[in-house]
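Structure first, then comments.
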Amino acid sequence: MMKPIFSLIVFLGVASLAFGANEDSKKKGTQVIDAAKLTEVCTTCHSTQGINIAPNFPSLAGQGAKYLAKQTMDIKAGIRNVPEMLPFVKDMSKEDINKIASFYASLPAPSGVTESKHISLGEQIYRGGSDNSPPCMECHAPSGNGIALAGFPRLAGLHADYIIKQLTDFREKRRDNDDNAIMRDVSSRLSNAEIEAVAHYIQGLGKNE
């Protein structure tokens, strides 16, 4: 009698685990579908893979979810001025913004190439800093992958044109949504030549080694 009872218990246990796994799979599938629908408005500029269509648009794939959510909320609130994005995000809920951020964070990050003429100075600025500024890798990691939990963004693979614009905007105070004015301070210490070199070096992080 004990053997049939034991067999039944084992069967019910396995069936329960299978049901739970199936439910988890369904839930994840639903989340992916929801995220795909929410990101339809993003694909014109950022593509379905989250990789920029044009040099002046940032790639979102592999970017930290915390950073992406903050930037989107800042644009929605008018704290960061990006007129092209405002119509798409102004009516988004915080929940949807977090879903979109998590979706893009889960995608494979891009990589790029640095022209050889930019590697020497760019590497010096990124890894060693200049006479006036600290190394970029202190906040963005030696790999350029950033520190996601701290909200420090991934830079590796972003197009040089986009990085140049952001650093210049920080330096000229056209962008000021950086915590504790960190980027405004750092960029104010960099010359145009240094910004150009480090931006191109960042573009090729992962390919320069």
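Residue positions begin at 1 at the first shown residue.
Note that Cβ sites are derived from N, Cα and C of the backbone, with glycine treated the same way.
Some features that TrEMBL has for this protein:
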type: SIGNAL; residues: 1-20; note: signal peptide
type: DOMAIN; residues: 24-108; note: domain 'Cytochrome c'
type: BINDING; residues: Cys42, Cys45, His46, Met85; note: heme c 1 binding site
type: DOMAIN; residues: 117-206; note: domain 'Cytochrome c'
type: BINDING; residues: Cys136, Cys139, His140, Met183; note: heme c 2 binding site
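Sequence features, as recorded in TrEMBL, placed on the structure.
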{"residue": "Cys42", "record": "heme c 1 binding site", "contacts (Cβ under 8 Å, 6+ apart)": "Gly50, Leu60, Phe88, Ile100"}
{"residue": "Cys45", "record": "heme c 1 binding site", "contacts (Cβ under 8 Å, 6+ apart)": "Asn52, Ile53, Ala54, Phe57, Glu84"}
{"residue": "His46", "record": "heme c 1 binding site", "contacts (Cβ under 8 Å, 6+ apart)": "Asn52, Ile53, Phe57, Pro58, Ser59, Leu60, Tyr104"}
{"residue": "Met85", "record": "heme c 1 binding site", "contacts (Cβ under 8 Å, 6+ apart)": "Thr72, Ile75"}
{"residue": "Cys136", "record": "heme c 2 binding site", "contacts (Cβ under 8 Å, 6+ apart)": "Ile125, Tyr126, Arg127, Gly129, Leu155, Val186, Val198, Ile202"}
{"residue": "Cys139", "record": "heme c 2 binding site", "contacts (Cβ under 8 Å, 6+ apart)": "Gly146, Ile147, Ala150, Phe152, Ile182"}
{"residue": "His140", "record": "heme c 2 binding site", "contacts (Cβ under 8 Å, 6+ apart)": "Gly146, Ile147, Phe152, Pro153, Arg154, Leu155"}
{"residue": "Met183", "record": "heme c 2 binding site", "contacts (Cβ under 8 Å, 6+ apart)": "Leu167, Phe170, Arg175"}
Cα-Cα distance, maximum over Cys42, Cys45, His46, Met85, record's heme c 1 binders, Å:
11
Along the domain 'Cytochrome c' (24-108), what average pLDDT does this model show?
89
Taking DSSP three-state, what's His46 (heme c 1 binding site) in: helix, strand or coil?
helix
Quick one: which residues besides Cys136, Cys139, His140, Met183 have a Cβ within 8 Å of the heme c 2 site's Cβ centroid, in sequence order?
Met137, Glu138, Phe152, Leu155, Ile182, Val186
Helix, strand and coil totals (DSSP H, G, I; E, B; other) for the domain 'Cytochrome c' (24-108):
52 helix, 0 strand, 33 coil
Residues Cys136, Cys139, His140, Met183 [recorded heme c 2 binders]: greatest CA to CA distance in Å:
12
Using the recorded heme c 1 site (Cys42, Cys45, His46, Met85) as reference, state which further residues of the same chain have their Cβ within 8 Å of the centre of those residues' Cβ atoms, listed in sequence order.
Val41, Thr43, Thr44, Phe57, Leu60, Phe88
